[in-house]
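> Summarising the annotation, TrEMBL assigns domain 'Major facilitator superfamily (MFS) profile' to 16-438. Per TrEMBL, transmembrane segment is recorded for 12-32, 52-72, 108-130, 142-164, 170-192, 289-309, 316-340, 346-372, 384-407, 413-430.
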Amino acid sequence: MDVETTNPSMWLSFPHVVVGTLSSFLFGYHLGVVNEPLESISLDLGFSGNTLAEGLVVSTCLGGALIGSLFSGWIADGVGRRRAFQLCALPMIIGASSSATTKTLAGMLIGRFLVGTGMGIGPSAVALYVTEVSPASVRGTYGSFIQIATCLGLMVALFIGIPVKEIAGWWRICFWVSTIPAGFLAVAMMFCAESPHWLYKQGRIAEAEAEFERLLGGSHVKYAMVELAKLDRGDDADTVKLSELFYGRHFRVVYIGSTLFALQQLSGINAVFYFSSSVFKSAGVPSDVANAFIGVANLSGSIIAMLLMDKLGRKMLLLWSFFGMAISMLVQVAAANTFVSGSASLYLSVGGMLMFVLTFALGAGPVPSLLLPEIFPSRIRAKAMAICMSVHWVINFFVGLLFLRLLEQLGPQLLYSMFASVCMMAVVFVKKNVIETKGKSLQEIEVALLPQE
């Protein structure tokens, strides 16, 4: 075996990864697209002042996403990773067109729901794809692209939403714009490599070799195929039962994965994203400035994470990230304290929030969706990912629903203290349960985690 000592060139797999992360860009875009235009949408469609209807425009999307993510594993395993991307782009194009042309609230909600199903399929598909097509040496860096693309999508959506107050019906343009990257994703995927892991599981060995050659270069094909073969001793692709994921030997990794996503959502990050403008407004900062600040904090954190992911490793980033988030929440608790003078509390609350977003983007944001496909064995990878993403969407939905109610009932100090304690629990959980995966091949990780029978 002439094992290559050099790492494969990262540039071969680069274009494939970039096309895949378009789905994350779309994901971010659709998360942010109704943020600015919501008022003018509600005026044009005649449900202005109806907070339930406004909430529905935001949350039907999440409902669709839950359904999409529940099926995402079966889709990715059944039709392959490339087709999964195309199936994610399709409802996004139809849904966005429906929202852009609708005259009624119902049409808007149907559109948002369809877009949501695409948003549910996307994150699992891109996490699987990036993990399976990138060389081990840059897998962490590429995994951070997912987070960066999502930030850029959010920022572009907020940016395109700026003229919405001046130009009548501009919100329709906001929806139309999203069909361009979605169309590009669907077409470009035809020219991208299929995941060699998936091809191998389908028994299409020669095709898997050909794709490895495209992704890693000819000299690395042999080694990559040997690694794949090591794992595939008699594992049938079709024998993953749901019961195996909930008890039995795979339970531990699924438990780690779901808990990481649960902690990520319960840390209060989405509360910050959804309601940052109202928090800033009470501090007297205009919402567009606030959104820009949050976007910049998020993006800069993600870029730093990209640079550190394969150097410091996933576990270090997760630990420090959750710890920093706990501190930032405590800063906001201090800001809400009555003994702190007006201007000081203003600086503390805005500073605490920006620091929270920055530290989130350093680890808690990008790491779980990268780490999970790494720690899941290849036979259960897609289905386990689907389960963990579903946990993520359910909690996301309830946080979005209940945050403002809880803020009224409990007050900011108690609520932010609760978020801070969740972050500290996350630090302990990561310390005890997460293994370091940087620079290891997927096969080595699998051997390290599974109790061998």
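For all residues, glycine too, the Cβ spot is worked out from N, Cα and C.
Please treat TrEMBL annotations as automatic predictions, because they have not gone through curation.
The model shown is predicted, which means the values in this text are computed figures rather than measured ones.
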> What same-chain residues lie close to the transmembrane segment (142-164): Cβ under 8 Å, and 6 or more beyond its ends?
10, 13, 17-18, 21-22, 24-33, 35-37, 40, 123, 126-127, 130-131, 134, 170-171, 173-174, 177, 288, 291-292, 295, 298-299, 302-303, 305-306, 309, 361, 365-366, 369-370
> So are the transmembrane segment (108-130) and the transmembrane segment (384-407) touching or not, going by 3+ C-beta pairs under 8 A with a sequence gap of 6 or more?
yes
> Between the transmembrane segment (316-340) and the stretches 289-309, 346-372, 413-430, work out which stretch tops the count of Cβ pairs under 8 Å.
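Checked against 289-309, 346-372, 413-430; highest Cβ contact count belongs to 346-372.
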